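Peer 1: My questions will all concern the structure given below.
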């Protein structure tokens, strides 16, 4: 482990954020961990359709398939 890996996330989960995401995202564990820790939030996991296929919505957690380069509209920003 590198010194910069010793984060609160590592302390809580025993691995780095990137280890958690790289290995467990397909299983939906990151989204589940977020809604379990913050049950008052609505959480949407947006990823490619083949990644979220078969993952079941539950309570305040939804899985949405799409391509962020095609399906997400340009953000509106205030003019300066």
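Note: Cβ is positioned from N, Cα and C throughout, glycine not excepted.
Automatic, uncurated: that is what TrEMBL annotation is.
Summarising the annotation, TrEMBL assigns domain 'O-methyltransferase C-terminal' to 28-71.
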Peer 1: Which numbers of helix, strand and coil residues does DSSP report for the domain 'O-methyltransferase C-terminal' (28-71)?
Peer 2: 17 helix, 11 strand, 16 coil
Peer 1: Would you mind giving the whole-number mean pLDDT across the domain 'O-methyltransferase C-terminal' (28-71)?
Peer 2: 85
